[in-house]
Amino acid sequence: MSPLIFPLLAKIASLLLMVFAGGMLVKSGLLKKEDSLPLSKITVYLLSPCVIVSSFSIELSETAGRNLLLCFFYAILANFLFLFMGRVLRRPLNLSSVEEMSVEYTNCGYFVLPLVASVFGDEYLLYVSAYITVFNLLIWTHGLQLFQGQIVGEKRSAKFFLKILLNPNILAILFGAFLFFTKLSLPHPLALAISDLGKMVGSISMLITGIALGGMQVKKIFFYKRIYLISFLRLFALPLCYLLLIKAFSVVDGFLDNQTLFLVTYLSAIAPSAASVAQFAILFGKDEEYASCINIFTTLLTVVSIPIMVFFSDKILT
């Protein structure tokens, strides 16, 4: 058994306790379900960009640059495989936009960043940023188009793509990359503020999930018949396909020399459905309860799924 399993389980348990805390705030009457909307806006438009910029705040060295490029390759393989699989499965499984995005996109930022910081250390957060960068580029283009384009009937016009490009998360990626490659530094108070705001994203996201959970009947989650299929695809089927793809690439010299580096990216690939899907659903008013249920259910299942998939990675790749 991997020595990482117990530290991972401990951190997952702490995140789930935050979900419970959010739920109790609603059950006690201190908050209402609708209070998740301003928190979602804060998370999506402020905290998430801060995470992105902060993750690039590391000194560029030859080793760090090489490792970062490798993590980008891992992340590109994972995300494009997931998008391809989602597109292939869309018609035969009659996936809605919420279901397709829940299968394709993982909670790589809100859920994985606290895990990696706790188990591997803050120095590995840079490598999570590779997955987060690819994720954000895709979810704020492909994902936003699925939601916003379908909802308001907006066509693929220059205005639509300009709106995407000017999204705070895309701007944060461009700004963070600029700082990283030019080796420029922000003024210390500003850098500290961005870093501290970014560290809030995991906790606030779990609270949002808990608030959504507290505003519904818990047993209702289990009444969605398709939630089991979506959860299986997100937590087991697609990550297993990714492992097999990585196994095929492992014949390339140096591709899997650093197992820790791969595991950092792999945790992003086996994470629960993206909280951003539920937050998009809240922002755009599209089946938000179902999206929240998928996010909650897959998050709860990670107590079982992550140890199993880490075990599979040990067996398949070693």
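The count begins at 1 with the first shown residue.
The backbone N, Cα and C atoms fix where each Cβ goes, and this holds for glycine too.
Residues annotated as transmembrane segment in TrEMBL: 12-30, 67-89, 126-148, 160-181, 193-215, 227-249, 261-283, 290-312.
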Which one, 160-181, 227-249, 261-283, has the most C-beta pairs under 8 Å toward the transmembrane segment (126-148)?
261-283
Under 8 angstroms for C-beta pairs, at least 3 of them, ignoring pairs fewer than 6 apart in sequence. Is the transmembrane segment (290-312) in contact with the transmembrane segment (160-181) by that rule?
no
Chain residues in Cβ proximity to the transmembrane segment (261-283) (below 8 Å; excluding those fewer than six residues from its ends, i.e. six or more beyond):
4, 8, 36-37, 40-41, 43-44, 48, 67, 70-71, 74-75, 78, 82, 98, 101-103, 105-108, 110-112, 115-116, 120, 124, 127-128, 130-132, 135, 139, 143-144, 147, 205, 208-209, 212, 230-231, 234-235, 239, 242, 246, 290-292, 294-295, 298-299, 301-302, 305-306, 309-310, 313, 317
Six or more residues out from either end of the transmembrane segment (227-249), which same-chain residues have a Cβ under 8 Å from its Cβ atoms?
74, 77-78, 81-82, 85, 89, 93, 99, 102-103, 106, 221, 255-256, 262, 266, 269-270, 272-273, 293-294, 297-298, 301-302, 305, 308-309, 312-313, 316-317
